[in-house]
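Heads up, the thing below is written out as structure tokens.
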Amino acid sequence: MFPEIIDTRPWRRAIDDSLNWVVRNWGDEFEAAAYPLLMLLNFIEDVLIATPWWLIMAILVGIAWLATRRWQLPVIVLVSLLFLGIMELWEDAMTTMALMIAATITAIIFSIPLGVWMSRSARVRQVVTPLLDLMQTMPSFVYLIPTVMIFGPGKIPALIATIVYAAPPLVRLTDLGLRSVDPAVMEASRAFGTTPSQRLFGVQIPLSLPTILAGVNQTTMMALAMVVIASMIGAGGLGYQVLQGIGRLEVSRGLFAGLGIVVLAIVFDRITQSFGKQLQAKIGLAETR
Amino acid sequence: MNEIKLDTDLAIRMRGVTKIFGDDPQSALELLRAGKTKTEVQAETNHVVGLDNVSLDIARGQIFVVMGLSGSGKSTLIRHVNRLIEPTAGEIIVDGTDVLKMSLEELRAYRRNSVAMVFQKFGLLPHRSVIDNVAYGLEVRGVPRAERLEKAAKWIDTVGLSGYEQSRPRQLSGGQQQRVGLARALALDTDIILMDEAFSALDPLIRSGMQDQLIELQKTLGKTILFITHDFDEALKIADRIAVLKDGAVQQEGKPEDIVLKPANEHIEEFVREVNKARAIHVRTIMERGEFEACEFTVPETARCEDVLPYFAEHQWVGVTNEQGTQIGRVTAKRVIGALARYTPGVNEG
Ligand SMILES: Nc1ncnc2c1ncn2[C@@H]1O[C@H](COP(=O)(O)OP(=O)(O)OP(=O)(O)O)[C@@H](O)[C@H]1O
Ligand SMILES: [Mg+2]
């Protein structure tokens, strides 16, 4: 046994008490602060559910076509979506998609500026990197419980948990992408008298867009990986079906809903990756890598 | 009075510019000032001496060539002129203004309007078409789109890349990319042009054409050009003055002929050994001045030995004329050969 050096019980009590205090005194404020997130999620979900299934299929197949200009990916997307429809998973899939899209949008809004900031300051990077490690490795239940305590069970903690888990790769890849822009190109731009923001928007971001897009791809994948956990605290959708399947020992229900998640993952993964490749070819990095 | 006049004639003036790369340049600087060499400083402190107490005066309208071996600090030197690198010590005055005292805003205006640069590594923007690359400097300067594209198209034509306007840099060969970089700098029409091995990737034919154009540009528009090259023959062809760098320090600075004919030390002698001396030596330095009978063939006094050599196949001597075209002397084959032999080590020594 490791000898007890100091009594840690007061620390734990302090943490628990302060959380309780926050919940009691600031619960409403937190909820109000997170309200825009809820609005965003509900809006996306409403739109996806209200849109006829064939239109959504047409849009996604069309995007797949735009991303590759070949027939293979659109066919894969079409088959995947038909599978969701035939298995009676369409509505749940839309709910899950809404959660993923809302999480991805929010992650983009926060992560890209943070990534930009990190890329410009070694000190910021020193502080943020361990935080990102923490966000990715800390078991999600650890922060899920306090968020549920603060916001109550429902979609907000589910969305927040998803964002916390899914945002780090985007921050990292934005930072990496911006820093790995060819220094010779940056220097040339500087020599012509550009301002820092002209260099950021005119050179750095366009040249690192493929890397940033790889980050968005990672974020969508990790958001989908969170849906089962998110459904435990009130996000419906495919995750909830999986959960129910497990709970009632209905293997088939869990299996099909699980496959539904896989199918969604395939669709979004392939589409974002193809856009990344297309961009890379356009910028002219494809051949040098 | 004299001092002021000197200053207005100078485009670029560097005084005691020293650059030390590393975390603690000041302590390394003290070692350097105490007389240690670049190698010793590097061994003791792990700091690299980029430039060592460089002072240069570059007159307006000159082509000033900086030569030196790889790693001698040429690129480091040229980057100081537009302050892409901050010196550890020293003073840089361009057109009478202290570059190091400029605020960020002034520095940007200075880079946009007064100095253009051609990079050794090209530094083209890979996501833009050739024409947008060439127009980049003008775009930063705020020139309206139609006007800048027109200027860019003209320069693309001048460097011989018409038809490639919409290509991406990666679709071009190295030499073509270098010409895009050239056009990008020239399109800015600045008084000072910095060229870091700007012709290194060009084939001999295009290279020679570009050298002629550069001389033309300097003659007609009075540009000040700071040019870096490895190639002594190139330097001799275009330079008004040459500085030779070694380990970041200027070894010798002077007219091309002075460097070739009176190398200051062994290092420069080595450099000069392979050089085409017939190109380096001007007719005026070896001619016999005075009245001679008019000759069928004449050359201007600015001609070089290589220009008169062909005439000696048929003639004993060739007339030399001044700017007005009047004959002021002559040069004989014997003199030319004598001059070439005198400055060729191992021949006619002692
Ligand atoms: N950013 C830097 N950090 C550290 N050392 C540097 C840096 N830039 C240049 N140096 C060093 O300064 C010295 C001069 O480099 P520079 O690039 O000026 O050489 P150069 O004469 O242009 O050579 P080349 O002909 O190969 O282009 C070299 O020893 C190099 O290692
Ligand atoms: Mg160099």
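Positions of Cβ are set from backbone N, Cα and C atoms, glycine also.
TrEMBL labels come from automatic prediction, so no person has curated them.
As annotated by TrEMBL, transmembrane segment applies to A:47-66 (among others).
Taking Cβ pairs closer than 8 Å, the transmembrane segment (A:73-90) reaches residues 53, 56-57, 60-62, 64-65, 67, 238, 241, 256-257, 259-260, 263-264, 266-267, 270-271, 274 in its own chain, all 6 or more past its ends. Under the heading transmembrane segment, TrEMBL lists A:73-90 (among others).
The domain 'ABC transmembrane type-1' annotation in TrEMBL covers A:93-272.
With a cut-off of 8 Å between Cβ atoms, the residues of this chain six or more beyond the transmembrane segment (A:96-119) that come close are 37, 40-41, 44-45, 48, 125, 128-129, 155, 158-159, 162-163, 166-168, 170-175, 177-179, 200, 204, 212, 215-216, 219-220, 223-224, 226-227, 230, 235, 237-239, 260-261, 264, 268. For A:96-119 (among others), the entry in TrEMBL reads transmembrane segment.
What TrEMBL records for A:140-167 (among others) is transmembrane segment.
Residues or ranges marked as transmembrane segment by TrEMBL: A:223-243 (among others).
Same-chain residues lying 6+ beyond the ends of the transmembrane segment (A:255-272) with a Cβ under 8 Å from its Cβ atoms: 60, 63-64, 67, 73, 76-77, 80-81, 83-84, 87, 89, 92-93, 96-97, 100, 213, 216-217, 220-221, 224, 227-228, 238-239, 241-242, 245. Annotation comment: TrEMBL describes A:255-272 (among others) as transmembrane segment.
Within its own chain, the transmembrane segment (A:140-167) is flanked in space by residues 19, 22-23, 26-27, 30-31, 34, 37-38, 41-42, 99-100, 102-104, 106-107, 110-111, 218-220, 222-223, 225-227, 229-231, 233-235, which lie at least six positions past its ends and keep a Cβ under 8 Å from the stretch.
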